Each structure stands twice: as structure tokens, then as C-alpha cells.
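Peer 1: I grabbed these lines from TrEMBL:
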DOMAIN    A:74-148  domain 'YdbS-like PH'
DOMAIN    A:418-479  domain 'YdbS-like PH'
TRANSMEM  A:12-28  transmembrane segment
TRANSMEM  A:48-67  transmembrane segment
TRANSMEM  A:189-213  transmembrane segment
TRANSMEM  A:238-264  transmembrane segment
TRANSMEM  A:368-390  transmembrane segment
TRANSMEM  A:396-414  transmembrane segment
């Protein structure tokens, strides 16, 4: 704790460059149409004016950046336990963040910041959608120190806690020492890239082939004679070969795109333990780092498909409590390409034990029938209806029908087969998905509200649905044994209402 | 530590949320709902009439016939639906949680324990205020799908309920 944060201080001096580039980026984005027009009319413009104008623009941005740098200060107010940021050249803004409200402190690095060699520090608080405080340019050591100072308050609270928690803490420290960190290797990322996002790839393939087929049809319609003539020239094998190679090529392209995307996003994924929290950092160009506090985690999802199972990898998604719905997507933290042992150690850190699967609930077979009617019956009816009354031409595409029925039928069947709810004393696990099978894990204490729902004709059958609302999203399970569901709801309510467990 | 016990919970002995008797909404509230519907139906009737004044050639006898059948059927359907919806709505305040039941085809029951309530609000619509009714809104951290809105409560009672809930939340803190 060498640095004194109690006096207002500025960012790193090189931070001027960061602000300069950010401002440049901003103007560039706002003015790109004008710049484009200039670029096209380059020859007509007086070069002297252009150079002078450019210099003026750069100079003014530079001056503004410098003024911004001068006016941006931050300090820790020890007395009021606040972190205070003052900024603005003409319109001054003073942001005071109470230390105890700080949820997360992230240290990120964008591409520009990486070039200049500084880091960005974001302060996240509970109960607001946007990032409240951000320091755009700060050296790494200073950022780490400030981060630990900002989160120090948390530690204080814990020390004040009962003897039990300190015992837990020492236990955790031992645990931390035993397992220093998890690193996701480049190989694992490659595996993830190869085995994920099949849905997208297949959709791309379907679009590709439907366009090819359509073009082929048009071509055939226009010149039958030509086709006959050409038919003798072109070997049928050749056509088949080109089609096959194009399929392979497309698959290749999809795979490469997928792999690069994942490598760029998650390169050098490191997980470190710190005071019972998880510290993540990842990214090739934009390095992101974030903290996960176990008590703020709401839903943990473990996803894997058949290939990933064979390769021994899986994907973890962690949803934390969110202030608003807009933020929901942002606060999902993905950990791709974990091995099973890594998954277990992460889960142990989050839940202090490995989640167990308790009593199993299955949906009634009516769920399968319902989803088949909805996904196969209705579209078929629509198809027949359109063909019969409106456009008989679409019957020419009838060969798609059996294909569609088989594929969608299989998907629905596996979805139904994998759909399970496991209820254990300390955990609720919902399993779902056709190809990518995911397990959503929540603790009963994270439940905010419970909705039960029953259609009136299901009363006699004793089946019904349940939605568990948490601060990180809902867990829904349909058409289960309703008396078990009701009994569980009563038990969960009892547990929530008799303990003041902290859900956040 | 001496007071610490950890006996097995007999789940069949727990208070059952499904056996709670629900309080129906104020009968006056049905009037509020129907007046709201009347506005929609009036709009449905007025729009064709206004259009026919400005563009009489737009409507043939057949169109009038179809409109003459569709609008009343649709209106009756809406009215019946909202009467059923009104009848199915009910609420209950237990010692530790609040329950709200709703739904026409499906019967939904949402339960929010008091120690998960974030804040409580009272809302008076224009028509509701005329009838002296108010709506209680109970918010949790679970997003909009897990909030409860209980309409059609006497203003005074609503205030009392709000005070009760506030008291419960304060006690939790």
C-alpha cells in the first residue's frame, strides 16, 4: 500500500494519448460520411487547406484531450468512505461512489490502451445500469493497488462477521494455496471453436444451398435446349464433386471463422483465486478482467454437447445479479473449454461443494406432443394450406417435408428426453437442450419469487409448471408432477422465509 | 451454539401455499375493467364509421356485414374474457409472504417472500381513482416477470397493505 490515494491525483501522463485517440475515434465515427466524400473528391480539394484543416483538427483534439487530462482527478475519501472522480472541462462532473456499494472493479485494456501500455479501471455498483466510474488510463500496478483499496471495505466487513466465517475463510485460504489457478490452453480454445455453434453453421449451410438450388432452377427454366447440350459436356461426377467440395469449403470457412472468433475473444484465459472470489482475465486484442464474487452468482450453467464430451471439455456460464434488464447480456460471464476437474474446482469455489443431483422430475409426455404439434404440425398445416388455396407451386418443394419432419422430430425428441429437473436440498439443477445439453444450477436461497401454473384441463392429470425467478433470470420447468412441485415450493418458501440468507 | 438444532423437516407438515384462501378483488374493479374495455370497443366501432364518412366508396355492403358480425363477436369475447380474468384474480397476505393468483386458461400463482421484496408502490389510474381504488405494485430483484401488481383494492386498504409490507421489509433489514 505504497501509494497515497487520499489526495486527488491525475491519470498517467500518457493517458492524454488514450483520450486523444478516443476523441479521434468518436469524431471519426460521427463524421465518416463527410470524410468519405472528401476522400472521393481528393483531387479537387486544395491540398494546402486540407493539410491546415487537418492540423487544426488534430491540434484542437489534442488541446481538448490535454484539458480533459488536467481536469480528471480521482481520490479516496477515507472519512466518508467514498471514491470520488471529478471530470469535465467546462461542465464539471463529480461522481462520488460509496465504497460499500462497489460490486466489481474491472481492469480492462482495449487495443489502443494496449498500444500505449496503460489500463482502464471500471467501478461497478449495485443498482445502476451503466458503469459509474471509469478511469481511462492508469498503470497496471496503480490499478491493482487501487482495486485492492476499493475492495478493502469488503474485507473489513468480513472480519467483523462471526467466528464461523473466519473459519471458512481460513479453510478457503488453504484451498486457494492448494490450487493456484486455472489456465485455458490454446488447444482447448481450438476444441471449443470446432465443436460449438453448430446451429449457426447449419443455418448458414441451408441458406447457401437454397440459393444455389434456386439459381440452378432458374438456369434450367431459361434454356432447356442449352441444358441438354451442356449436359453432354459436363460430367455428372464433376457436378457432384463441385457440390461436395463446396460443402466442405463452407464447413471449413464456418469452422475457421468460429475458431478465430473464440480465440480472439478468449485468448489467454486465466482464472485466479483471490479472497474467495474468482479473478478472470482474457482476450487477445481487448484484454478484459473481471471479478466474480460467489455470493453474487445467481445461475451457473454447464453446457456441453456430444463431441465436447468426447474431447473432455465443457463450457461454463455464470450469471450474476443484474441491476436492469438491459445489462443482462453483459453480465453473463463465459468460461469456455474447461476440463471436468476445472469445472469441479470452479463449482466448489462458487458453492463450497460440488452440486449434487437430487430427486429427478421429468416432464409429462404431453410436453413432447405439444412441442411436436407446435413445431411440426402447425408448419405442415400452413404449408398445405398455402399450397391448396394460394400457391400450388410450393408443392414442388414437397421433398423438403420428410427431411424437415425427421430433423425437427429428432430435435424435439432429444429436447424432451434431456429435459429434467433435479431437486436436491441445497441445489436445483435444470437440464435442457437437444444437442448442446446444459445444466442450470441455482441454490434455493437465490430464489426471489416462485410462480406455479396449471392449465385447467391438467388438474385431473396432476401436472403443472413452475418458474423460479432469480436476480439473474428465470428457471422454468413445464408439465411436471404437480403435487411434488407444490410440496417443493412449500419447502423452498419455508427455507427462504426462516433464514435471512444473503442472495447477493 | 447450545440453541442450535437441526431436525428433519416434515415437508407434509409445512404450511401449504395451494390451500390458502384468496381474497377476491373489489367488485367495483370489474366496472373499471369494463369501462376500459368500452373505450377499446368504442374505438373499434368509431374507426369504420369515420372512415366511411370520408371515403364512402371504401365500404361495400359485404364489408359492413362482415364488420357487423366480427365487431360484436369480438367485443363479447373480450368482455367474457375479462370477466373470467377478474373472477380468477385473487391475493393473500400470509405471515411471511404475499400470494397473487391470476390467469384465464392457466391458473398461475406467484409467491414473493417478504424478505425478497425490494420496494412497494401504490398506483392509482384515472378511472380507478374515481371509484376510490388503487393498485399495489410489489417489486423484487427478479425482474419484471417476478413482480406482483394487485389491482382493485380500496384506497385505504391499499395504504394499510403498503404500510404492512413496508413494516415487514424494515424488519428484515
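Just so you know, glycine gets a Cβ as well, placed from its N, Cα and C.
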Peer 1: Any idea what the model's mean pLDDT is for the domain 'YdbS-like PH' (A:74-148)?
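Peer 2: Result for the domain 'YdbS-like PH' (A:74-148): average pLDDT 79.
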Peer 1: If we skip the immediate neighbours and take only residues 6+ beyond the ends of the transmembrane segment (A:12-28), which ones have a Cβ under 8 Å from one of its Cβ atoms?
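Peer 2: For the transmembrane segment (A:12-28), the far contacts come to 35, 57, 61-62, 64-66, 68-69, 112-113, 116-118, 136-139, 142.
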Peer 1: Output the single range from A:48-67, A:189-213, A:396-414 maximising the number of Cβ pairs under 8 Å to the transmembrane segment (A:238-264).
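Peer 2: Most Cβ pairs under 8 Å with the transmembrane segment (A:238-264) come from A:189-213.
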Peer 1: What same-chain residues lie close to the transmembrane segment (A:368-390): Cβ under 8 Å, and 6 or more beyond its ends?
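Peer 2: Result: 401, 404-405, 408-409, 412-413, 415-416.
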Peer 1: Using DSSP, how many residues of the domain 'YdbS-like PH' (A:418-479) fall into helix, strand and coil, respectively?
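Peer 2: Helix, strand, coil within the domain 'YdbS-like PH' (A:418-479): 7 helix, 39 strand, 16 coil.
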